[in-house]
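S.K.: Have a look at this one before I ask anything.
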């Protein structure tokens, strides 16, 4: 079941579902986010692809594209361990991970696993950045 907060960014891709949140929730999609989406679509032909730019919740300049969360549902994951699934995603995004992307949280499921639990993970608040803003002396 798709949560209501994601439906405004719903995009159809040839019978697949792509949930897009835009750059840090702004609705705009930046070049890194667009490249990530394109590469994952090409490499994994996902049935569901959710990509969130979570950079806005971190100590980075506004408009940054450094922290992402991705949920990928693909039949390519059948018979693969979670580590093997993550390696497929990392291989597809090698250029981004070597450059602008600092953090990538991954949910990689088969269609059957998604059918059993379509709950999307959420990220905890950022604890990095300027410690003075976190109440530490």
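Placed from the backbone N, Cα and C atoms, the Cβ positions cover glycine too.
Sharing the features that Swiss-Prot gives for it:
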- 81: phosphoserine (MOD_RES)
- 114-137: region 'Disordered' (REGION)
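Could you place the listed features in the three-dimensional structure?
M.R.: Sequence-distant contacts (6 or more apart, same chain, Cβ under 8 Å) of residue 81 (phosphoserine) do not exist in this structure.
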S.K.: Could you find out if DSSP has residue 81 (phosphoserine) as helix, strand or coil?
M.R.: coil
